[in-house]
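Before any comments, here is the structure.
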Amino acid sequence: MSTVLQLKSITKAYGDMRALNGIDLALPGDAYISLLGPSGSGKTTLLRVIAGFEHPDAGAILFDGKRIDTVAPHQRGIGFVFQNFALFPHLSVAQNIAFGLENRDVDPVTDRRIVDARVRDIISLVGLSGLEGRAVTQISGGQRQRVALARTLVTEPRMVLLDEPLGALDANLRARMRAELRAIRERCGVTFLHVTGSEAEALGMGDTVLVLESGRIAQSADSDTVYNRPASPAVARFLNCYNLFAGRIEGGAFVGGVGRFALGASAPTRAASPAYAIRYDRVSVRPRDTAIAEDEIRIEANFVASEYSGAAVNSFFALDDGKVFEVESHLSHAAPETYAEQGRYALVWKREDALVYA
Amino acid sequence: MNASGIKTGLGAYTALFLVFLYGPLVVLAILSFQTGPEGGPQFPIIEWSTYWYKHLFGLTPPSRIAPLPIEQALVRSLGLAVMTMIVSTVLGVTAAQAFRRKFRGSGVVFYLIVLGMMVPGVLVGLGMALVANTLGIDRHWWSTAFVLHVVYTFPFAFLVMLAIFNRFDPSMEEASWSLGVTPARTFRKVTFPLIFPGVLSAMLFAFTLSYDEFSRTLFASGRDLTLPLAIYGTFSVEVHPNVFAFGVLTTLFSFALLGTYAALMMLSVRRAKRIAIQEEA
């Protein structure tokens, strides 16, 4: 796959706050890329820099091999879908969609019939047939989302930037739109760069997942790798499915606040500071007197509460150093256990399941 | 005080407010139907008549009371108000557009602009007259007075537009750019239609403020009088109810304009609703 967009050491600061701190990035053509980052990680800034709404302080942006960092937004050929959709309230659904075709600077379409045909095609592609004449204030949130997408896609950009495009939709619709966005993108064959703060959305949608952390790309990999092998403790924390311990490595073991964990065979991942991560669903809860196997690690903690989420139960335990430890039990594996309130339990996991950063 | 007491108090206050607001107008309207030419601008009404309205249009037999010398002044004032409205609104829109981004010295420039509506009019008028005399420039309603009218009304247009832009969502413009549309065309096709109600208010402000501006015009307009000056001029001799009749007619004219505007708005809203309902069915 050819590279469509390349960013070279892009930095951008607002006063003392470094929003982007040397971003290096190469995005392939015809792919769905999700950009995951906590709020304040600079993800919206990054999109706005790529679109040309903000200027980077330093670095280069190459689009199709050409430098575009000094090119005006309307000459970049990059589409943008806003979180609030930013539809033109004085125009109807069809007029909103036709707007770019009719008014763009380069190669505007002046033939009414061609505009109508293109608008009709894209309206059926995104599933808005029958709403052409509506005012955009008279359609639902999901329909507005589709208008925003159709308005961008009809101009056939090589790349579309989506800034939390599902953030304004309710949960039910969000799940449906995820599949639809992927399907629409595949039919159009353009690159989508989808910014989101939701790890489930990023993992579920992206062919490639980029994780942004305090102005830097912390990881760029496929969903499976990001989920199973987060590149740094920060990525692991942000994925919201790892218990993390800070500490140090000492003689083949990780020494943290609640004890010594013997290390497995695999070498620790390099990171800025040592950390030990164990995924919520790799931990089993046992009575205190149960013996453990040789390759297992065991700590003790007091049960606090559990939370039922349909397919799984998440149980929260208080460690002796006061930190919270989370265990996820999938109900397809076993019936949910009930734990005694404030009861003391053994939390056990396999040595090899832990991720160690040093 | 209990809640109903407060309500009664506020009600009385509002009623009093309305009386003071519309009382003078009602009194003038009543007195404009005084009989003429012998009836004066005071109660009691000797006899109800439309004499002064006819007098205004020269439909009465000649009498010792001269017709209001306002024809020329009215045309001048309307012309001046239209000129002021156009220039101030264009300046107001463009200046407010500039203020959407912070720039170096924007605070100082802001206060410089707003100063134009705060400095005492008489002083500015006098100052303009002195400057014009010193430089040997003739004073006219379309030159010196016009400049002062713009200086006075521009801040109002500017502030109205500033408030409008404050609520304006800039992502709509960015969306347009990202579709390949130039900033200039984006302004014409997206920004302007959306700020248009604000532009109308700015125009209304500029027009009405200029139309009845007195103190600045007094010294700066030179020989040819504008309407407020001409009317004031007739007071210095003797006040006749023909001025009241004129006032009633101009007020009716304003109401007619506003009514037309409201009717147009209502029609467009109803049409939008009907389209929505048809598609729902």
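Placement of Cβ uses the backbone N, Cα and C atoms for every residue, glycine included.
Automatic, uncurated: that is what TrEMBL annotation is.
As the structure is a computational prediction, the values presented were derived from the model and not from experiment.
Listed features, source TrEMBL:
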DOMAIN    B:74-261  domain 'ABC transmembrane type-1'
TRANSMEM  B:12-33  transmembrane segment
TRANSMEM  B:73-96  transmembrane segment
TRANSMEM  B:108-132  transmembrane segment
TRANSMEM  B:144-165  transmembrane segment
TRANSMEM  B:190-211  transmembrane segment
TRANSMEM  B:243-264  transmembrane segment
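Through the fold, the transmembrane segment (B:144-165) approaches residues 80, 83-85, 87-89, 91-93, 95-97, 99-100, 113-117, 121, 124-125, 128-129, 132, 137, 195, 197-199, 201-203, 205-206, 209-210, 213, 216-217, 220-222, 226 of its own chain, all at least 6 residues removed from its boundaries and within a Cβ separation under 8 Å. With respect to Cβ pairs under 8 Å, the transmembrane segment (B:12-33) is most closely packed against B:243-264, considering the stretches B:73-96, B:190-211, B:243-264. With a threshold of 8 Å between CB atoms, the same-chain residues lying at least 6 positions outside the transmembrane segment (B:243-264) that come near it are 25, 28-29, 31-32, 41, 52-53, 55-56, 68, 70, 231, 234-235. With a cut-off of 8 Å between Cβ atoms, the residues of this chain six or more beyond the transmembrane segment (B:190-211) that come close are 77-78, 80-82, 84-85, 88-89, 92-93, 149, 152-154, 156-157, 160-161, 163-165, 168, 172-173, 176, 227.
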